[in-house]
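The following features are taken from TrEMBL:
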- 3-118: domain 'Response regulatory' (DOMAIN)
- Asp52: 4-aspartylphosphate (MOD_RES)
- 169-284: domain 'Response regulatory' (DOMAIN)
- Asp218: 4-aspartylphosphate (MOD_RES)
Amino acid sequence: MNTVLVVDDKKDFLDSTLRALRKEPYRILSASNSHRAFRILETVNIDLVVSDYQMPGVSGMDLLKKIRVEYPHIAIVVLTGISDVHLAIGAVNIIGVDGFHIKPVNYSNFKTHLSRIMESLNASRDIDHLLQHMKAMDSIFQMLEQRNPGITKKNEIILRGPIMRPEHTVLVVDDEVDFLKTMRRILRKEPYRVLTAENGLDALHLLETNDVDLVISDYMMPEMDGLSMLRIVRQKYAHIVTIMLTAASDLEVALKAVNNVGVYKYFLKPVDPDNLRADLRRSLASLDLILERDNLRDQLKKADATLCSLEREYPGITSVTKDSEGYYLIED
């Protein structure tokens, strides 16, 4: 179970957030200031911190900076009453927070956002468990082959294990042709295949015929704005990482992009090329983990179905049980 730490100096708001998360599948801890949050972080394995930005004493900003340096694996979501677009974008891009919600909070959107973050956080842990499971399944099929030569070939039992990802494909969407050329120059030394589109509709057509991993989009464009296009991308291609790169310093647009559409980053033009390249590497590494986890799950699901089919066809061919975490144990 994931553990969430909620930090806010306002008791009423802290209680409201705790009530909103009460039925979620998380262990919830709380702190009324940064000092108490520090003490909890030193003794408890926290997965995600939800924090106010302005608090007396050590501010929420200082707390989040410390978390990012000392506990880089922890996800961070800000809940604040400060309506400042530059503060929000700075928190997302500089500190590296995973979400920025303005009070009063829409808790339905907030909980959906937390669920998406947890999926990404759990991918690495899930892969370790799945690889253990795969190792056990492989042992079972080796045992079956020894007892019944040819049975694994007959039933097309192949456990491939982890797969090597091909090069990533990045789609850049902007109605300014010169900016598209600039982006190609920024990314030319990166190991990516780069596609470009001059509006949202053209981008959606490219997505239908290309296996794209990441989309970088402007906001203000003819035919379809970037936010509408990225919302469709999220609905149809949930695995694709999205980044908004725009001159629009609009708080409402930034919050919708990060919290509702789920963009990984929201950059204002002109962008720092080094920061952009670094964020692309991090985001694609996270994507690879999720895709690898899904690949392993698919392999194990098929292998599990084959094992059940063999048991029905040859009762007693092998005796297997599962431990408390669902991994196979072999009984001689």
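Glycine is no exception: its Cβ is also placed from the backbone N, Cα and C atoms.
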Per DSSP, what is the residue tally for the domain 'Response regulatory' (169-284) in helix, strand and coil?
55 helix, 25 strand, 36 coil
If I take every residue in the domain 'Response regulatory' (3-118) and average their pLDDT values, what number comes out?
85
Secondary structure content, the domain 'Response regulatory' (3-118) (per DSSP, counts of residues):
55 helix, 25 strand, 36 coil
Measuring Cα to Cα, how far is Asp218 (4-aspartylphosphate) from Asp52 (4-aspartylphosphate) in Å?
29
